[in-house]
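Novice: My structure is below; once you've seen it, I'll send some questions.
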Amino acid sequence: MPEIVAFNTIDAGIEPEAEKVQARATQAGPRGRKPRRALSGRNIMIYGTLIVVALYYLLPLYVMIMTSLKGMPEIRLGNIFAPPLEITFEPWVKAWSSACTGLNCDGLSRGFWNSVRITVPSTIVSIAIASINGYALANWRFKGADLFFTILIVGAFIPYQVMIYPIVIVLRELGVYGSLTGLIIVHTIFGMPILTLLFRNYFAGLPEELFKAARVDGAGFWTIYFRIMLPMSMPIFVVAMILQVTGIWNDFLFGVVFTRPEYYPMTVQLNNIVNSVQGVKEYNVNMAATILTGAVPLFVYFVSGRLFVRGIAAGAVKG
Amino acid sequence: MNLRSFAAALAVTVALPLGAASAADLEVTHWWTSGGEAAAVAELAKAFDATGNHWVDGAIAGAGSTARPIMVSRITGGDPMAATQFNHGRQAEELVEAGLMRDLTDVATREKWKDIIKPASLLDSCTIDGKIYCAPVNIHSWQWLWLSNAAFKQAGVDVPKNWDEFVAAAPALEKAGIVPLAVGGQAWQAAGAFDVLMVAIAGKDTFQKVFGDKDEEVAAGPEIAKVFKAADDARRMSKGTNVQDWNQATNMVITGKAGGQIMGDWAQGEFQLAGQKAGTDYTCLPGLGVNEVISTGGDAFYFPLLKDEEKSKAQEVLASTLLSPATQVAFNLKKGSLPVRGDVDLAAANDCMKKGLDILAKGNVIQGTDQLLSADSQKQKEDLFSEFFANASMTPEDAQKRFTDIIASAE
Amino acid sequence: MAGHTRGSGRPNQWSRNLNAKFASVPMILTAVVIFLGGTIWTVVYSFTNSKLLPRLSFVGLDQYERLWAAPRWLMSVQNLLIYGFFSLVFSLVIGFVLAALMDQKIRFENTFRTIMLYPFALSFIVTGLVWQWLLNPEFGIQSVVRSLGWTSFAFDPLYNSNIVIYGILIAALWQGTGLVMCLMLAGLRGIDEDIWKATRVDGIPMWKTYLLVIIPMMRGVFITTLVIIASGIVKVYDLVVAQTSGGPGIASEVPAKYVYDYMFQAQNLGQGFAASTMMLVTVAIIIVPWAYLEFGGGRKRA
């Protein structure tokens, strides 16, 4: 009776997850062939490759951090790899709290809470809607669903700047132009194609027995979604969150086009700091500002990494 | 400074808010975000706040690609800001035609803009069907050649006094491992350099015929062929520039890695910041030292039509504040640009700026290409010249042919 | 296949579908009103001479004629093909290999994953500048290698018209492969532990298991990844702007940049819309038949 086992696990909720992870870690037989010594040739290869790759990823970060710790005269010398002769944290302080964009000289800090206010609801709403879409498409297909889905996928390829003017019209007619609600709608719309695809394909790949068993037990649309699909899909929810938090947090264009100055996100300040055309460029402040702005998505990546575990119920179903 | 006009302007700025009874918050969008620019905007805001109103700043960097769609969306979306920066010229024409922008003719007549704004062409580009729609605030000119004295010293040649000497000095510079002419990779820089060469080599009248009258015969003719020849020289001299941003190119001049750069007067700020002095460390040649003419492009503020009556009143106050002599001086000194009125005194201006003021006073001015050509033609021109400067196999003749096509199809 | 879903027909079918339909209302509205409506709107205006504002003054095919006569557009299309091909292949291969390495129960997995993912978190306006520096012959990688003694070493991909698009690819992979790796890793984590046990028992070598068992099982994830990568390729814009602004000359121009430049900088909406219509038509020609086979043709995964 696999279904019963599955249900028991799921009914117990997500709490056992941590135990499970631990259990798995201590379990004998990791995914390779057999338990092995730390310095096996295979391990050297794996870690060697990962470290080399990590260096490639980190090189630009190194340059950015070094540059952000230098003064402008030192930067003008053009030696990008050299560590700073004289370390200064001035650029960081300036980027965060005193860089002027126009009249407002309070750096990135000005838009920080606005960015939070935009990112949190937009991420939640867009993922909620898209995961339900994906679920409906994968498990409850109705007539015409695939047509709408195809339109959506083609939509993923539209350069979104092209859609600015039509969307201005739509939001104006809805009466939400310039409001936070309008912006959340826009983020939900533009996140929808990729996220829906992500969830649809993931749900479609889950063991079908689970779904059937739940149906037999009389569980309906929402019950199955919340009780089975959601707990089994943590990694894909993390991926969706990575996509959305990054996209929305770093979004600049929608933030300014569809809201008013009191809602401007942090990226407006970032853009103003780094993107001025005919003014003097302070590269050290630019670098610091970029790293600071990226800190929040980075933090999310790191924290949410804990959820990157193997689907729990998938194993449970087989008992 | 003309004391009387100053007093009059002061009176106006003081009197109007009293008439307006209560103060209003005006949101002003612009793309002045770098340090010096921000300081300049602060002067405008200070002057406006002093009238009892409040300047709500909406700075968005990135003129053409970023700020403009935002401004247009806000205006057409029915939620306009109270005032917005645009390059004066042809960019805002359509918004005016669509009835979205406010007519400033009343303020302009009351404050005699026609008499005070010099050169008159500035106000002309704000005028559509006899009505005035924008308030110009500054003049930026493109026609400058910035030379590194150190580079020429290292190459063992005198600092050139004009374009021809510069071209002649190029081989010596190259021999010393110096890039003679720094041209950044962004398209607008190559196109701008060409326009500058055109005024310097073919002269003011030809420039006006090509860009003003869109005369394709002149564009295909021998005068312009000479300009393309010079552009060919410039292309050869710019080989090895390998930077994108204009200020990185300027930095090459500052550090003596490049002999010179053709760039607008905003480049001056970079030299100042690097602690260099005009005359001793670097040399500026307006009109490339050949034809001392400068173009009068620049920035202007447009005022979208608002429903709120108080705000509309405050818009008038803002317009007159922008042009008051005190604001003009304070703003332009910080911005490094020239004031739009001839009756103010810029005692604090540096040497290069003074040269510019002199030329302006003599009336050796042309309209900028932004004012003469549509943004569309400008973009096509940018595409052409960035290709021309990067691709040595494109002959000047071919380039001229394509240039003529662009002029022929320009509106 | 009207109203029939997986599982067998049931008396409560109607209400069951009602729920699914109700839940799909936002999707249907988005697809029809925004994406379909917006596309039609764009296509209609591509036949006008709209400049700064959309205006219905039709000029027939003028915008398209001009588009296909513009050297810059032709170059953009060619670049997109080259960039698209290599970007797709490398992203998939590198992303999958990295994910497979990460899935070996390694230590510091979270750290490695975050390192690979961090470029994705940073705005490209500035990271593009860093790549500009790294690839700059005077003070970037080339100068370092030369100072180590290899004086003839040449590496200036951003300043050589012939290879500039590959220079952009280097930064693109840096920025994008982390996400691909994450997607693949999530896919690998969705695969049952027992599959591995079984192949181990059968003594199938690991690479073969990946190739013949795991990858086919990850079909859904691969398709998702493919669409994400491909849509990113078609829309590629800021990478190019930040690194080369399309240069040297027009050597690294891409279609999306043409669209934006003409819509906003040149204030020629008609021209921009014509270019975006061409892009969209091409995408639709590829996607619609594929989508029909994939989603529509009653593929019975369930």
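Even glycines carry a Cβ here, placed using N, Cα and C.
Owing to the predicted nature of the structure, the values given are computational and were not obtained by experimental measurement.
The feature transmembrane segment is assigned by TrEMBL to C:21-47, C:80-102, C:114-134, C:163-188, C:209-234, C:273-293. If you look up TrEMBL, you'll see C:77-292 marked as domain 'ABC transmembrane type-1'.
Please situate the listed features within the shown structure.
Specialist: Packing against the transmembrane segment (C:21-47) from elsewhere in the chain are residues 54, 56, 58-61, 63-64, 269-270, 273-274, 276-277, 280: each is 6 or more residues past its ends and has a CB under 8 Å from a CB in it.
Same-chain residues lying 6 or more positions outside the transmembrane segment (C:114-134) and placing a CB less than 8 Å from one of its CB atoms are 98, 140-141, 158, 170-171, 174-179, 181-182, 238-239, 241-244.
When Cβ-Cβ distances below 8 Å are used as the criterion, the transmembrane segment (C:209-234) is approached by residues 80, 83-84, 87-88, 91-92, 95-96, 100, 176, 179-180, 183-184, 186-188, 190-191, 195-196, 199, 255-256, 279, 283, 294 of the same chain, each at least six residues removed from its ends.
Sequence-distant contacts of the transmembrane segment (C:273-293), counting only residues of its own chain at least 6 positions beyond either end whose CB sits under 8 Å from a CB of the stretch, comprise 39, 42-43, 45-46, 50, 63-64, 66-67, 73, 234, 255-256, 258-259, 262-263, 299.
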